[in-house]
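Asker: I am attaching a structure below and will ask some questions about it afterwards.
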Protein chains: 2
Amino acid sequence: MKRVYNFNAGPSAMPLEVLKQVQEEFLDFAHTGMSIVEISHRSAAYQAMQDDTVCMLRRLLRIPDGYHIVFIQGGGSMQFIMHAANFLKHRGAYINTGVWSDKAMQAAAFYGETYEAASSKADHFTYIPEAGSAVIKPDTDYVYITSNNTIHGTEWHDFPSCNVPLFCDMSSDFLSRPVDISRFDLVYAGVQKNVGPAGVVVTIIKDSLLVQANSQLPLMLQYKTYVDHDSTYNTPPVFNIYFVNKVLHWLDAQGGLKEIEKRNIQKAHILYQVIDESDGFYKGHAVPQSRSRMNVTFNLPTPALEAEFVAQAAEASLIGLKGHRSIGGCRASIYNAVTEEGCQALAAFMMKFQKNH
Amino acid sequence: MKRVYNFNAGPSAMPLEVLKQVQEEFLDFAHTGMSIVEISHRSAAYQAMQDDTVCMLRRLLRIPDGYHIVFIQGGGSMQFIMHAANFLKHRGAYINTGVWSDKAMQAAAFYGETYEAASSKADHFTYIPEAGSAVIKPDTDYVYITSNNTIHGTEWHDFPSCNVPLFCDMSSDFLSRPVDISRFDLVYAGVQKNVGPAGVVVTIIKDSLLVQANSQLPLMLQYKTYVDHDSTYNTPPVFNIYFVNKVLHWLDAQGGLKEIEKRNIQKAHILYQVIDESDGFYKGHAVPQSRSRMNVTFNLPTPALEAEFVAQAAEASLIGLKGHRSIGGCRASIYNAVTEEGCQALAAFMMKFQKNH
């Protein structure tokens, strides 16, 4: 069996131990005599698994009372609609740090007034605006941020404090570090980076926000439907949630979010060090204080060299290093499941490539 | 490894050959060195798989030119919204054959006027109304039907002809028989009965209908978004689609839809015969001419006996025979992957149970 070093931006590397476990029990889930893809979502076996998933999320993230956790289909793009459909009444503020916050703002505009409270667009999204620089207009329903920006390789390291509800798309750094959930009113994360197979979003919603939701919406667009029916108003994506459950147990066994954060800092350091010590051969896209620990974005001296870099890396089983089509360049996504060994292999390749060019 | 006879209504039994294949290649998809849950949806390997899935659907169902096939998250419940959001302009006609058509009609009412063109509600949904009995009002945008009714165990055996577009929720008998798609303008099916793991819907849409769609909708609620972006506007549920692909190839290897229909007729016959020859001990819910080949619904003389039947069956590894909570009784769901051997085991159990009571 061949396995490569997977630096895909998402869907992306999953822990090998989890893959093996899922594989092993694929024909017989929890001694039911059925595959996980064959069990009823109304069965005790399913419910126990879903309950455990919620419980593990609460435990790993230390989610306080007063929040519900639900599973929703449609990816982040459906959340771009739902957050606004449910909560945009007067105006929504967006801190624009790249493509994803921009898309969220555009989608939200269908439901009401939106505005940029801060933005790093003029500087090609190379940094996260200072938390205090956001200008919040009166009657703002919420401030919306994207905690990590896969395309530009920036990440919030210190979340803003607002006196309006704070919403956060955590899709690309969810469970990569401890986060104080009590600072947020709505958090959501498509699982396909750090947590599982594409097809489910984890949404964490504060009860005091939920009661203010717009109820003049189709049921499937209301967060309340998912909360009231414990994510099983209709058939949930059983396999996807099950896989998330396995990843949560894996995370716990690794030592939880503090330990995983430590590893992620170390992994990112390995790659940023190569960039910083390359005398400008590798040029990081993000300014150092806004650098993402999940997506390391960089350029080489020319697009031709970048293409050669990506191709030669692939030959060396280092996969997925091409930058997003919207900004080009190179990107190494080093989510939880990417090992330090993988980062060292890439660092060694980068140094060798530089030497040869 | 224990395997049971799985009569769940959905999620439900999947072909054992497919489960084994998915299991076998779970760590290395198509020699990429990555699991199917780890590959990028922008990769050539993914695109080839998705293209093949579309191609196999076209081939098995003989879908004519002039239709697009897309993959959408959110289950049938999201389609209950989308069909109306996109196409309900004046009024939508619903032939009400049970809970699912009723829910679709209710969800659609958010977007405009809906009405029952025919209904078997007064007779506890024991039959499918005569195709010709529907009363279609002027300015009706479409007629909506549910091809198979999991809860009541009825199925359309002869589709209605209308002079307005015909929409069909085929979730629970999709790919269980050949269907003339050219008679429909919109067909959708949640895959979790006959075709794959919960988390993706296959939607087949006629191009001449699509051009009439409402464009004043959030992008994620427009069918056009999925068509224009070939189902990858955002990250699709990769694993779920991949599994569907495997099932399609399995179906093809079995001899296609004509052969699977033959088997399904035979399997249903085995169970209905036990019911019909039980001197009223087992009482079928559906009238004979509307009987479903997918969901065999029946009652025993008393609810207490039904509970005993379900419990004893489970002890004999015959799982999932409890009827839907809304109507009670018993139900054997015998989708494509349920074997004739499984049906015979259940038939033998039913006869023995009757003899003992």
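Yeah, the Cβs are placed from backbone N, Cα and C, and that goes for glycine too.
According to TrEMBL:
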type    : residues                                                                     : note
BINDING : A:Arg42                                                                      : L-glutamate binding site
BINDING : A:Gly76, A:Ser77, A:Trp100, A:Thr150, A:Asp169, A:Gln192, A:Asn234, A:Thr235 : pyridoxal 5'-phosphate binding site
DOMAIN  : A:4-346                                                                      : domain 'Aminotransferase class V'
MOD_RES : A:Lys193                                                                     : N6-(pyridoxal phosphate)lysine
Asker: Using a Cβ cut-off of under 8 Å to chain B, which of the binding-site residues A:Trp100, A:Thr150, A:Asp169, A:Thr235 qualify?
Answerer: A:Thr235
Asker: Out of A:Ser77, A:Thr150, A:Gln192, A:Thr235, which has the highest number of nearby Cβ atoms, where nearby means within 10 Å of its Cβ, if these are the binding-site residues?
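Answerer: Selected residue: A:Gln192.
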Asker: Using DSSP with the three-state reduction, classify A:Asp169 (pyridoxal 5'-phosphate binding site) as helix, strand or coil.
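Answerer: A:Asp169 (pyridoxal 5'-phosphate binding site) sits in a strand per DSSP.
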Asker: I want to check the contact list for A:Trp100 (pyridoxal 5'-phosphate binding site): same chain, sequence separation of six or more, C-beta distance under 8 angstroms. What comes out?
Answerer: A:Gly76, A:Thr146, A:Asn149, A:Thr150, A:Ile151, A:Asp169, A:Ser171
Asker: Just report the maximum Cα pair distance in Å for the recorded pyridoxal 5'-phosphate binders A:Gly76, A:Ser77, A:Trp100, A:Thr150, A:Asp169, A:Gln192, A:Asn234, A:Thr235, no decimals.
Answerer: 31
Asker: Determine the Cβ neighbour count for A:Gly76 (pyridoxal 5'-phosphate binding site): the number of other Cβ atoms within 10 Å of its Cβ.
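Answerer: Excluding its own Cβ, A:Gly76 (pyridoxal 5'-phosphate binding site) sees 21 Cβ atoms within 10 Å.
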Asker: Quick one: mean pLDDT on the domain 'Aminotransferase class V' (A:4-346)?
Answerer: 97
Asker: Please report the distance from the Cα of A:Ser77 (pyridoxal 5'-phosphate binding site) to the Cα of the residue listed as 'L-glutamate binding site', rounded to the nearest angstrom.
Answerer: 28
Asker: What's the CA-CA gap between A:Lys193 (N6-(pyridoxal phosphate)lysine) and A:Thr235 (pyridoxal 5'-phosphate binding site) in angstrom, rounded?
Answerer: 23
